[in-house]
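K.L.:
Okay, these came from TrEMBL:
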DOMAIN    24-266  domain 'BAR'
COILED    179-213  coiled coil
DOMAIN    329-389  domain 'SH3'
Amino acid sequence: MDFNVKKLASDAGVFFTRAVQFTEEKLGQAEKTELDAHFENLLARADSTKNWTEKILRQTEVLLQPNPSARVEEFLYEKLDRKVPSRVTNGELLAQYMLEAANDFGPGTPYGKTLIKVGETQRRLGAAERDFIHSSSINFLTPLRNFLEGDWRTISKERRILQNRRLDLDVSKARLKKAKAAEAKAALWNDEVEKAEHELRVAQTEFDRQAEVTRLLLEGISSTHVNHLRCLHEFAESQTNYYAQCYQYMLDLQKQLGSSRGEILPGTFVGNAESTSPPPATTSPTTVAAATIPVVPTIPVVPTVVGAPNPTAAAEGTLNPNEVKPPASGTRKARVLYDYEAADSSELALLADEMITVYSLPGMDPDWLIGERGNQKGKVPVTYLELLS
């Protein structure tokens, strides 16, 4: 019991002397042992690593899970060391609603068929997102958390010990200084000087030992950077694969919708030469191939003349490219968005990013145009083009 009381009293005394030393240093009333420049650089680099790792970790969590409530729930599950329940992604939920709507409206109707196609694509996108989140969490977020909750806590603990050893050292230096000053006045203080010198040697030894331990930990930050670099490469690769999957899924969907538009929306071509209604006052300079229905009000139409080939036959797939004559003026340029393989001799194969000339024929399917590239002619799908002004 007496031993515990004495130990508590001793600890309280040490804490008090450290507090006094720290306060006097802040007020400029006491000397402070400075660390060497290399050690200070190591400390600054460690602090910078910790701060930026925290920011990158938090923002990556926001990227992977934008819902703050879901992030809090996942955090609580991790702290309780329990498995985070599987959560449906937004894409998968949207797919579920679209497929249920298709069954309600009728899977055989044009709208129902399209809902099924888009819904299946959303389901695939949601599954790809789930895989991306899982991969990023394991390969990127977990190593960052391990550093902050493991290595950094160890570094912080040893730095606090080093700070205490440094305060003890400076307290011992101050005592020795006072003892020597008193010795100059009276020879009775010789014992105090010897005691102060002994305490200083012990404090210096403990400080040097702790400084070496802390230095080794701080130099290990370089290894941390190497590890985080590898994890960053894996994160970038995972993200690249995810977006590549999404792009391919949407490209497949676009082809499905483009091939079925003719049977789903067999409307009249808005640019028919027999129409007397004026074109819209404003039109978009480009037509981007997306999931929307293309409207092409300003494509020139070849007028029907005596002796000219039957345009209806051309629109139905019996187009002879040599018989098609472009309009005298008003043709438009178009940039090809995606590669397109011609289905038959009436169509023109396309390469992404090339420029072609396009125009329309009376009564032609609005989803198709006549394209020319040099001496080659053929039908081309509107959804694969960006029409230029």
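Here the Cβ of each residue, glycine as well, is placed from N, Cα and C on the backbone.
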K.L.:
How many helix, strand and coil residues does the domain 'SH3' (329-389) contain under DSSP?
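P.N.:
Helix/strand/coil tally for the domain 'SH3' (329-389): 3 helix, 29 strand, 29 coil.
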K.L.:
Take the domain 'BAR' (24-266) and average the pLDDT across it for me.
P.N.:
88
